[in-house]
Amino acid sequence: MAAALVQGQGTRVGFYSRTCPQAESIVQKTVQSHFQSNPAIAPGLLRMHFHDCFVRGCDASILINGTSTEKTTVPNSLINGYDVIDDAKTQLEAACPGVVSCADILALAARDSVVLTKGLTWKVPTGRRDGRVSLASDVNNLPSPRDSIEAQKQKFADKGLTDQDLVTLVGGHTIGTSACQFFSYRLYNFSTTTANGADPSMDATFVTQLQALCPADGDGSRRIALDTGSSNTFDASFFTNLKNGRGVLESDQKLWTDASTKTFVQRFLGVRGLLGLNFNVEFGRSMVRMSNIGVQTGTEGEIRRVCTAIN
C-alpha cells in the first residue's frame, strides 16, 4: 500500500499544456523575482513542499490560514516563501482562472528554487488538486531533528520512500539554515565523554564555532547555515560536512553514523569501491517520487482560487 502512495497517482508532465500553457513559466518568473531580493525563499520553498507532502500528501494544506492549521506550527511558521506562492497564484488566476492548483505551484516552485541555487532541473509531473483539511496536530508526523535513524527510515517508508530517498532528500539541507533552538542542545551537557560536553559525533573545532554563534543563553531564533561553507549552492558538499562531523542537526549527522545510510552518503561523495551516485540527478528523481505522495487528482479535492483559504 505504501508503494501505491507514490505510483499511479494520475499526475503527468505537461498537465497544463492546453489549459494554461504559461503556468510553469509564470511560477518560474515569480520565484526568480522574489529570489533576487530574498535568496532565503529558495530553501524555504523547498522545505515548504517537503513539509506539505509529508502531512496529508502533496495537497497544499500547509498554505491554509486559520487557527490550529499546519501553517501555525513551529516547523512551518518559520518557513520563508509563503508570499511567493500567493503572488504566483494571483498571476495564474489572472491568466487562467480556476485551473492551476496551489499544490502544483508548490511542486514547481520547489524545483525552480533548486535551479536558482545552481542545482539541476527536472520535469515536474502536475495535475494535483488541493486538499480541504489542515490540522496542526498532523505536523507531528514530520521528521524531527532529534529523530533516530530508525524513526527517520520509518517515516519515509510510511510514505513509500526508500532509504536512498531519505538520504537524498535530507541532502536538500545543502541550502538554507536552522535556528539555534533546534540543535544547541548538542553543544552543551549532551555527553560526559567530551571535554566540552558536546555531542561526540561532532568535530571539536566545529563545536567551538557553533558555541560562539549559539551561546547557551543566547538567541534561540538565530539562523545558522546547515551546509557550512556552501549554504547558498545546491551541491554535495553537505555530505562532505557529514563525513567530517560537521552536520548541524543531529538527525543529519546520524546519516553518517548509521551503516546503512552511510553507504549512500559515501556513494554521493564518490568513495572508491562503491558505485557512485550523482546527487543532483538523484535529487530530482527522489523529488518526483515525494511529490506524488498521496496526491488528489481528477474529481478529488478542489482548485483553490486563493491558496490560503478553502473555497
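Quick reminder: no glycine exception, Cβ is built from N, Cα and C everywhere.
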Of the candidates CYS58, CYS96, CYS102, the one sharing a disulfide with CYS20 in TrEMBL: CYS96
Quick one: which of CYS180, CYS307 does TrEMBL link to CYS214 by a disulfide? CYS180
Second cysteine of the disulfide that TrEMBL assigns to CYS307, among CYS58, CYS102: CYS102
One of the recorded positions CYS20, CYS58, THR174 has its Cα closest to the Cα of GLU70 (Ca(2+) 1 binding site), namely CYS58
If you count other C-beta atoms within 10 angstroms, which of the disulfide-bonded residues CYS20, CYS58, CYS96, CYS307 is the most crowded? CYS58
For the recorded Ca(2+) 2 site formed by THR174, ASP227, ASP235, which further same-chain residues have Cβ atoms within 8 Å of the site's Cβ center? GLY171, HIS173, ILE175, SER230, SER231, THR233, PHE234, ALA236, SER237, PHE238
Candidates ASP52, CYS58, HIS173, namely the recorded positions, that fall within 10 Å of ASP227 (Ca(2+) 2 binding site) by Cα distance: HIS173
